[in-house]
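Quick look at what TrEMBL annotates:
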BINDING   11, 12, 13, 14, 15, 16  ATP binding site
Ligand code: ADP
């Protein structure tokens with residue numbers, strides 16, 4: 001299966017763009033959803049997390065105590081690495097399973113941290129970056145999440161830079177000041193390119 005890795009910073013418009021591809025019948029694999037599912041009640045990462053960090057990180061319903069874990073990994077880089085050592089291989093395996101089972105001309109894997117984490121680039125045929133300016137990201141996330149400017153800036157500071165994401169891209173969707181019909185036109189054109197590449 002021909003695989004497109006879709007990435008972009010917070011608020012760049014990844015979900016919006018992914019939905020426009022899905023409207024063409026392109027199956028989506030969402031690594032954020034997978035990450036959430038494996039740490040949901042009795043998710044497949046939970047036995048290892050309990051063994052590594054202790055039962056105090058498991059909520060009453062069997063899910064990850066996200067608030068507690070967030071506090072820990074925020075201040076403890078080693079703990080973050082240990083957590084990722086558990087979750088990343090499971091996310092990778094689940095992603096590959098969903099890719100294999102996907103039905104369609106090609107598949108889009110939405111990977112918010114494609115540029116930041118590991119060897120994603122080697123596991124997709126094309127990297128598609130959704131691009132916009134930092135100011136646009138800030139405005140969108142403030143309005144979508146009700147965050148302050150400082151909160152959004154703190155999240156952006158932990159992500160790859162706009163330049164790094166553009167450098168990693170094979171293809172780019174420009175979603176800065178793009179009215180929705182212009183965005184859709186870009187997705188339609190890119191979809192036709194991917195159909196041809198997947199068939200070749
Ligand atoms: P991401 O998944 O990258 O965080 P989203 O697709 O959720 O980004 O977009 C962030 C917010 O900005 C959402 O509320 C979305 O509706 C809005 N948005 C995205 N693209 C546009 C656009 N071209 N014009 C207007 N609003 C947009």
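Glycine is treated like the rest: Cβ placed from N, Cα and C.
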Next item on the list: Enter the number of other CB atoms within 10 angstroms of the CB of residue 14 (ATP binding site).
Entry: 23
Notebook entry, point to check: Given the binding-site residues 12, 15, 16, which one is most crowded in terms of C-beta atoms within 10 angstroms?
Noted result: 12
Item checked: Spatial neighbours of residue 11 (ATP binding site) that are distant in sequence (at least 6 apart) but have CB under 8 A -> 132, 136, 137, 138, 140, 141, 144, 152
Notebook entry, point to check: Over all shown protein chains, what is the count of other CB atoms within 10 A of the CB belonging to residue 13 (ATP binding site)?
Noted result: 23
Check: Using DSSP and three states only, what is residue 11 (ATP binding site)?
Finding: coil
Check: Which chain neighbours of the ATP site, leaving out 11, 12, 13, 14, 15, 16, have a Cβ atom within 8 Å of the mean position of the site's Cβ atoms?
Finding: 8, 17, 130, 140, 175
